[in-house]
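A.B. asks: According to TrEMBL, the coiled coil annotation covers 304-331. Look at TrEMBL and you will find 441-655 tagged as domain 'Histidine kinase'. If you look up TrEMBL, you'll see 119-152, 159-192 marked as repeat 'TPR'. What TrEMBL lists as signal peptide is 1-30. Annotated transmembrane segment per TrEMBL: 392-412, in sequence order.
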């Protein structure tokens, strides 16, 4: 072997050695890279990156990661990928499919005790219901998410829950109420690191301000959000904020500024290849141009339609075809309008109505299967259940009956005891009142006249002038009659308390007892110079107890004289009316205060001294009311202070 051959062999060996070292190094690096990329977190980033513009690729990565999570028993990883698959379905408008995946993810998070994931899935489920227009259900999910985040102390989760609660409220056009939720979220945001939630909050608050006419505040939130989102990471939200700002200008009537902003947003959306933001901006531009510039509006609707077709976004295609057909109809291009409308109906029928029918059939089949299983289960345990129900029912009925009997006996005894106790208390109170009244009358009203009589008799014993003696005798007569009247009232009242009121009703002429009462009181009236006028007709007859009648008239006349001034007039009259006779005793004395009128016929009525310092028992009017009542009559009074009084007692006419 020559030198040249040896050199060649050495070079060959060196080259082989280098190649082997390179291969080993590449294998080691490849294994290292594979170890880093074959993780749930890596796949999650890939799915998030491709979810909007390449949903098929995103679905592929999500399913690979889901299989990996199942093989490794990673429930949180499975839930994470199901959540991603649900959001992919959400983006194409397949809300039922997304809802099922979110529910599966929620169940896995619950099994793993992952509270942040539970809160997030409740948010996603609420968003699905909100997009379907089920705002009550959506609010229920958002409140559940808020409760979980509050219990967990997750401020970011609480902020997201308040934002979505505001969105659900705004979806019902309750923008002022929505602003309350947004304000709470804003307070939380001020103490948290900046995130995409902050930008979503600014956009939502701007929309609510726009709809309530607060354009300046809306622009402030949007400009702040646009400035903070002007980095690659937040370009999608930057486009959304710009489009919302354009809508504010459009609502203010500045159409050109709105269009310029949207064109800038469209350029950004195309640059980052975000088809959802492109469709959002294209439809916004078409709406802004509207009927005033149907040519440009049609152009942008067609652009949006082409993009939706390329991404198989069927829901968006239906909406865009509907708008295109409307424009063609307004331009009277009926052929093109028909074609667009026909495509719209075909697409809706193929991808929505058929799908809906399939879902209904599946639900019906599932329902029938469940019903069948339920019937089998019911038949299997029917006998035992029936026996158990009977035993429980008998026990409940027996228990209820026993409780009712005990309660009934207890209630009856308690009611009887309460009745007896109340009756006894009433009697004791009445007896006590009677005692107090009796001692009051005996101690003052009856004692005072007798003392006056004794004093007058002592004076009469002295040597007096005839004229003076005559005056003393008149005063003695008055005091004696007063004492007699007091004693008579007291005896009648005592008899009424002990035996009740005896009644002897007869038909009699009323003029004679009235005149007797007038004559009986004439001396007292003369002393005060009072004129008593009797205008009772001779033919008046009533059915009543004559003693009671005379007592009532005499008592009313006595009171009229008692409370009349010197030289006054007291009258007694009678009027027939509809089978009744009304006797009225009128005076022009001092009258009765309004506060005393309501209780003047009651037992608590306190006697007032008359204009001549006359005393009384306060029993007279009480007896008058009792006597009138048991004779089928009524008694009433009309009086004003300083203008006199009119007492009227009514009896049954017997004439």
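Cβ atoms are placed via backbone N, Cα and C, with glycine included.
Please go over these features one by one and say how buried each is and what sits next to it.
C.D. replies: Regional average pLDDT for the coiled coil (304-331) in the model is 86.
Helix, strand and coil content of the repeat 'TPR' (119-152), in residues and according to DSSP, is 31 helix, 0 strand, 3 coil.
Through the fold, the repeat 'TPR' (159-192) approaches residues 119, 123, 126-127, 130, 133, 135, 138-139, 142-143, 145-146, 149, 198, 200-201, 204-205, 207-209, 211-212 of its own chain, all at least 6 residues removed from its boundaries and within a Cβ separation under 8 Å.
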A.B. asks: Quick test of the contact rule: Cβ under 8 Å, at least six residues beyond the ends. What residues does that give for the coiled coil (304-331)?
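C.D. replies: Sequence-remote neighbours of the coiled coil (304-331) are 53, 55, 91-93, 275, 278-279, 282-283, 286, 291, 294, 297-298, 337-338, 340-341, 343-344, 347-348, 351-352.
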A.B. asks: Tally the residues of the repeat 'TPR' (159-192) by DSSP class, grouping H, G and I as helix, E and B as strand, and everything else as coil.
C.D. replies: 29 helix, 0 strand, 5 coil
